[in-house]
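Peer 1: After the structure tokens below, expect a handful of questions from me.
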Amino acid sequence: MKQNNKIKTITLIGILLLFISVILSITYGAKSVGLSDVIDALLGRNLEDYNVNVVQARLPRTLFGIIAGASLSISGVLMQSITRNPIADPSILGVNTGASLFIVFGISFFNIQSKLSYIGLAFVGALLTSIFVYRLASLGYSGATPIKLAISGAAISTALSSLISIIVMPDSSVMTSFRFWQIGSIGGTSTDDILLLLPFTVLAIVVSFLLSDNLDTMLLSEETAIALGLNIGRTRILAALCGVLLCACTTALAGPISFIGLMIPHLIRSSIGSSHKPLIILSGIYGGAILIISDVLGRILGTPGELESGIMTALIGAPVFIYIIRKAKLQSL
């Protein structure tokens, strides 16, 4: 009973935080607008008014940020669950960099311009990188420990970043575009980006939610899960594909935004436990809220311009990463 009340309280706080972040995102920027302008924009009134046009321009950015933050956070939940690793995250494991490499390769050598193609390239790159990092970390007697996964991810990410530099350096136009995309930002996103992102994220989140009971069973032990008739291999593959798809879609359209998939799932898990249904829902809510808040903070601190949301999530997430490492008392190699 206490646990249910705790989950309800955290859910209500998350919804309130998300609502506040949306209002701040829509009203605050280079041009601040009032709530009346927001209402007019939502109802389609006074469309000739400049402030109303500002609100309508910010709505896609805000909605995209919610979807992207939720996707990255749920991706982190899945990666942490299937690897049994509290620091598994697309940015820590180098998955973002793998997605970036394949996108850069497609642009530079095949002149690919379609955002749908970017998603496909990002998915393949992220999937191959995650497999390679996990296999590399699994070498040795102790297997894929948290610290070995982090080191393997950092090593692979560095190597792939070098390859990206080799590809983009000769072409100044590609280099300029990539430099800003690489930071990670939800600025400049449009309704078309949302419509492109939404089907993939909805599919992956629904499948993830359907896998919740199986993921809960896997927490007991592999032997117990097998005895209960669970197909562990299929569950891991499906969960991994969902996690990679969520990460790849967001990375393709917004660039590599780090640490959302690390800090949100970890903090939610430490608050409510490891039951995956509430964990997925709450991670999605808080992930969207925190990414939007990071975006708003970037506008405030970067005035008269703005700091990209990827910079802000890194500033917030890096101390959380250090805290998790210290709290877990991870063993050295």
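Glycine too: its Cβ is placed from the backbone N, Cα and C atoms.
Annotations per TrEMBL:
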type	residues	note
TRANSMEM	12-30	transmembrane segment
TRANSMEM	62-79	transmembrane segment
TRANSMEM	91-110	transmembrane segment
TRANSMEM	116-137	transmembrane segment
TRANSMEM	149-169	transmembrane segment
TRANSMEM	194-211	transmembrane segment
TRANSMEM	237-259	transmembrane segment
TRANSMEM	279-297	transmembrane segment
TRANSMEM	309-326	transmembrane segment
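Each of the listed features needs to be described in terms of its position in the shown structure.
Peer 2: Counting residues 6+ beyond its ends, the transmembrane segment (91-110) has Cβ neighbours under 8 Å at 79, 117-118, 121-126, 128-130, 133-134, 149-150, 152-154, 156-157, 160-161, 163-164, 167-168, 171, 174, 178, 182, 244, 247-248, 251-252, 255-259, 261-262, 321 in the same chain.
Within its own chain, the transmembrane segment (149-169) is flanked in space by residues 83, 85, 87-88, 92-98, 100-101, 104-105, 108, 129, 132-134, 136-137, 175, 178, 333, which lie at least six positions past its ends and keep a Cβ under 8 Å from the stretch.
Note on the transmembrane segment (194-211): residues 60, 63-64, 67-68, 70-71, 74, 77-78, 115-116, 119, 235, 238-239, 241-243, 245-246, 249-250, 253, 276-277, 280-281, 284 of its chain, located 6 or more positions outside it, place their CB under 8 angstroms from a CB of the stretch.
Tertiary neighbourhood of the transmembrane segment (237-259): same-chain residues 64, 67-68, 71-72, 74-79, 81-82, 89-91, 95-97, 99-100, 103, 115, 118-119, 121-123, 125-127, 130, 181-186, 189, 193, 196-197, 200-201, 203-205, 207-208, 211, 215, 291, 309-310, 313-314, 316-318, 320-321, selected by CB-CB distance under 8 Å and a gap of 6+ residues from either end.
Taking Cβ pairs closer than 8 Å, the transmembrane segment (309-326) reaches residues 65, 86-87, 92, 183-187, 255-260, 262-263, 266-267, 290-291, 294-295, 297-298, 301 in its own chain, all 6 or more past its ends.
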Peer 1: Taking residues 6+ outside the transmembrane segment (12-30), which of them lie with a CB under 8 Å of any CB in it?
Peer 2: 37-38, 54-55, 58-59, 61-62, 65-66, 282, 285-286, 288-290, 292-293, 295-296, 299-300, 303-304, 306
Peer 1: Checking distant contacts: for the transmembrane segment (279-297), what same-chain residues at least six beyond its ends satisfy Cβ-Cβ under 8 A?
Peer 2: 7, 10-11, 14-15, 17-18, 21-22, 24-25, 28, 61-62, 65-74, 76-77, 186-187, 205, 208-209, 212, 257, 260-261, 263-265, 267-269, 272-273, 307, 309, 312-313, 316
